[in-house]
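*Asks:* Per TrEMBL, the features are:
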ACT_SITE  160  active site, charge relay system
ACT_SITE  234  active site, charge relay system
ACT_SITE  574  active site, charge relay system
DOMAIN    33-124  domain 'Inhibitor I9'
DOMAIN    151-611  domain 'Peptidase S8/S53'
DOMAIN    391-488  domain 'PA'
DOMAIN    688-793  domain 'Subtilisin-like protease fibronectin type-III'
SIGNAL    1-24  signal peptide
């Protein structure tokens, strides 16, 4: 979830969540693709394998023209059928192109658990390892980096747009042999051979069946290369963030110059290309999960998302569950729909969900108004400066094309956002144009201004984007400004007969304070699917991140941009996700026996909520104090995560009991997990779940004194020496929290101990359809370790 100016504006930074397609695109010959979940243990013994059974089932559909006397034969040639994928590892079933009638008939067949329409999803799109304290160039290497050998025996599977293998970030000099457990392969395709893999990139696959069923056949071209080769940039960027080798003298057009290195520089990369020019199909994503788990990856990194839906209807949640069952941590981007609440995606409790934060690096540029006022923004513009004088300044909404030849060519709204062909060339020529952010990619607004003869562009945030800034490599002199700055500029234009301005660009600035800050675009909680599971889990660097970039793709991805670079600067939770994927690889390398839940627990309980100046982390939207709904447990702290003291582990049965408590039926659960599970007689509560954060809901309509919730948590000691932990409680406002016992003794590594939390809440007034959230904290400490859990109490009217 990174850029908004790639995949034809399909990335998810300021773009819409889904790409709208016409019915003709969705349905070809009255068919579209579906994902079918099958109960494999119901396969009749007459069939030699499941594929023959699946094939016979498809042929036997009454509406299928292949239905004939031969259709019930077990000798079915699957090439005659419209299979897209057959899933065997994280999911039992297949995907196929069906009519609506066939899908309904199939859904009613015995042994078919679910038939899901195949959805189209979008991507969520140097200094950050140093900022995270992982700078191995220091005289004493960081503990996590050294203990894990930079993740050398760990494989990260990156589900994205592929990879550009020639980049120096992916060289294998000095790397040991490929891990013996690896079963993956390097699939050949257009401009990609087995020779493109090495001891760094040890696997590469691509998945097109679902995409081609929806969009049409991929024609080999520079925009959609039918192989694992990346023609977009997003996959190369995210892979190098997670596990890129150190490359000296890296920069984007001179910006952010230095050594570019990934979080786990010796970890192995397996690239699974699931995203193409117009998006990423669920059936292909699920197929990639299936192959990645079978290949032997240890971590899966997926910077792709969609809206939050029930877990049994979400192929990413389903694939992630199957990966988790095999001991694989799945790190996923939270989405770029912030700062609006309840926008976080990839919210299943077995997924580690990552929001975005800033680092201590900026790319400042000033807009100097004619009245002398300086407004600081952000820019990666590297071309010739403006003339050494003030230029006329106009607002796009005031210079629309208007009425010509009796027809309205452009509305002031279109012109305000500098949409294509919306600006009047006569009134724009030689001027700096202020454009509202939104509607089109930020860099495309400068292209529109340039085509209209403008001299420069200012891209101004509008509500609710707030004060967050993202730097762009504009083709003409240009910069981005905050929402409040945009208001000041428009006021200046409207109150002056001859408004003027100029710009000044200052390159790269380090040591910026405060840092980190929660990125304004980072999607926020609460979790729409379960308020009892805090999401996002953590935040990590995701703003203005330098990483590798493919040949043939301009830094802006505009066709008019002829510049080429080996590195690019991108922003989005797409960039924060691979930071955590890399950290998970380091933790897995240092602690091979840790489960995915233990790794996530270590990241969450050691996360920090104060910046480098000791002040509470701020929200970039308004620069007010951030909340747990913005940042989850806080910002990742790698060096503490390697030695967290205690962890909260979660078993597969724990997850299934949570689903029961969340009113999922046995059939729903079987659609997620490949096992039968009965909820009858189980009295679990959804908040009584061994998650590292505690979140409970109080019914504000209950009688006084009735707002009491009790729950149990179990911690596992991962230290070598015996330890005694004492709990420190910070009560949420309006609630009193007691913990029993208050002290826990551990005698050996791996010992598990439980404690009970009792929350007594006051009856606070809450209006209908609203809620009140207060936050406290539990901190178990032995004097060395601080094992911190956010404690969230939500008051609602009627549950």
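All residue numbers here begin at 1 and follow the chain in the order shown.
Cβ coordinates come from backbone N, Cα and C, glycine included.
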*Asks:* Would you kindly give the Cα-Cα distance separating residue 234 (active site, charge relay system) and residue 160 (active site, charge relay system), rounded to the nearest Å?
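*Replies:* Pair distance, Cα basis, whole Å: 7 Å.
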*Asks:* How many helix, strand and coil residues does the domain 'PA' (391-488) contain under DSSP?
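*Replies:* Counts, helix then strand then coil: 28 helix, 30 strand, 40 coil.
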*Asks:* Go through 160, 234, 574, our active-site residues, and report the one whose Cβ sees the most other Cβ atoms within 10 Å.
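*Replies:* Output for this query is 574.
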*Asks:* At the Cα level, what's the spacing in Å between residue 234 (active site, charge relay system) and residue 574 (active site, charge relay system), rounded?
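*Replies:* Per the Cα atoms, residue 234 (active site, charge relay system) and residue 574 (active site, charge relay system) stand 8 Å apart.
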*Asks:* Report the DSSP secondary-structure composition of the domain 'Subtilisin-like protease fibronectin type-III' (688-793) as helix, strand and coil residue counts.
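*Replies:* Going through the domain 'Subtilisin-like protease fibronectin type-III' (688-793) residue by residue, I get 0 helix, 63 strand, 43 coil.
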